[in-house]
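K.L.:
Supplied in structure tokens, the structure appears directly below.
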Amino acid sequence: MDVLKHVLSLGTFTGLNHVSRVIMTLLLARFMGAEHFGTFAALLALCEVLLLPASMGFASSLMRIAHPLFKSQQHALLQGLKRVYLAVALSFGLIFAAIVLFGYALFSPHQLANEHLEYLVLIVPLGALMQCQATFLIALDAKRRGLLTQQSLFEIFTAASCAYLYFSHGPLHLEMVCQALIASISIVVVLQFALIFPLLKKDQPAYQTKHWCKSSLRLLASGAGVALVAKLDVLLVHHWLGPKAVSVFYPAVVIAGLMAILSNAFGMVLKPLLLKERPDSAEIAQTMRWFWLCNLVFVSVLAIAAYPLLALYHEPEMESGHTLLLILLLAQLVTPLRVCASSTINLLGEPLYNLWVLLFATAVTVIVAWYCQAQFGLLGIAWAFCFGFVLGAVLRTWLVIKHGYLDFEQLFGLTKRSIKAQL
């Protein structure tokens, strides 16, 4: 029960970003037409893919770089680091976003999306800066403020401003929502500056720019790959089937994404257990048993609540949306396997294995999705990504067992055998 209590306390915290995403998308689905909402979902997914590269990896590496400096009270270096990630996010982020979006416009067949790409040139660098500053706050031991400003606060501001615009002017167009996004992110960025300022001493900035950039670029490849795969389904649906198909598909993706509340919480519990000098196999097995049980219960609850949740979104094709959600939830049944295997490889083995698995599984998934969408449309794409999710989990599990980091029984929480974590 101690494991469950720990997970519940963490789940409340990790669930904040997912709940705010549900609130924002629920309101926008009601306030916008199907084509505008579908295009918004695709552009938002594209933004989220570009955020980490636009920060040149700093959004991922700042915790590793800044936290030791803060613990050793090296405020001069922290002042320098703050200026470096600010310059990178705003200058490199702006140039990177402009180049990528220009290329996207050449290949995208959808006029509505292309007409609003100019807003993303502002949203991407501002969003990258927001992510960097949120991570910086967490590294400075302001965890609650960092997590609150990482995503949920700007989504709440966006939802509130869009609600005001809707009740003042009627149904929203994509242009109005993009402007609300820019305003909301800007407010959060200014707030983050105000929160960071009192945490640092006013020392003369010192720099280790070359070292910081190298450290960030090392994490960029795998981090950007994960972000791309997480949003690839929405982007492919938009490219192949158009914005109206996204308006059917995206609510199912957001609802299935609530599973991340549980997986993130259990992932945070598992990592310290795996990092122990002599990991306790009984403790790992017990945690995994709870993970499998809670995961099954959560999937079942979302499956039962599928119709009411989709109705809140005013799902235009309820039966199709319901089937899509059930397919996505089916893939989530192997989430404990994926989370444990991925964490084990990162912490006890070679992290590049995760990248190779990611690239292989993604390539297979895209090929299968391309074939299936021609034959079965939206359902075919959903089944392809379900297959890809399971394939990635199985391959990581095979690597973990093959290299002896954990055995089959421990991964499934069946017995209390000893860990073999050999680096």
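Just so it is clear, glycine is given a Cβ too, placed from its N, Cα and C backbone atoms.
Pasting the feature list from TrEMBL:
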TRANSMEM  7-28  transmembrane segment
TRANSMEM  40-63  transmembrane segment
TRANSMEM  84-107  transmembrane segment
TRANSMEM  119-140  transmembrane segment
TRANSMEM  152-169  transmembrane segment
TRANSMEM  181-200  transmembrane segment
TRANSMEM  220-242  transmembrane segment
TRANSMEM  248-270  transmembrane segment
TRANSMEM  290-310  transmembrane segment
TRANSMEM  322-341  transmembrane segment
TRANSMEM  353-371  transmembrane segment
TRANSMEM  377-401  transmembrane segment
K.L.:
For the transmembrane segment (290-310), name the stretch out of 40-63, 84-107, 181-200, 248-270, 322-341 with the most CB-CB pairs under 8 Å.
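P.N.:
It is 322-341 that shares the most Cβ pairs under 8 Å with the transmembrane segment (290-310).
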K.L.:
Within this structure, do the transmembrane segment (353-371) and the transmembrane segment (322-341) have 3 or more Cβ pairs under 8 angstroms, counting pairs 6 or more apart in sequence?
P.N.:
no
K.L.:
Give residue numbers and ranges for long-range contacts of the transmembrane segment (40-63): same chain, 6 or more residues beyond its ends, CB-CB under 8 A.
P.N.:
25, 28, 32, 81, 84-85, 88-89, 92-93, 96-97, 100, 104, 113, 116-117, 120, 123-125, 127-129, 131-132, 135-136, 138-139, 174, 177-178, 212-213, 215-220, 223-224, 227-228, 230-231, 234-235, 237-238, 243, 246-247, 250
K.L.:
Three or more CB pairs closer than 8 Å, sequence separation of 6 or more: does that hold for the transmembrane segment (353-371) against the transmembrane segment (248-270)?
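P.N.:
Contact between the transmembrane segment (248-270) and the transmembrane segment (353-371): absent, because fewer than 3 Cβ pairs are under 8 Å.
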K.L.:
Using Cβ atoms and a strict cutoff of less than 8 Å, what residues sit near the transmembrane segment (248-270) while being 6 or more residues removed from its termini?
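P.N.:
For the transmembrane segment (248-270), the list is 3, 6-8, 10-11, 14-15, 18, 21-22, 25, 29, 37-38, 41, 233-234, 237, 284, 287, 290-291, 294-295, 298-299, 302, 306, 309-310, 313, 315-317, 320-321, 324-325, 328-329, 332, 335-336, 339-340, 343, 378, 381-382.
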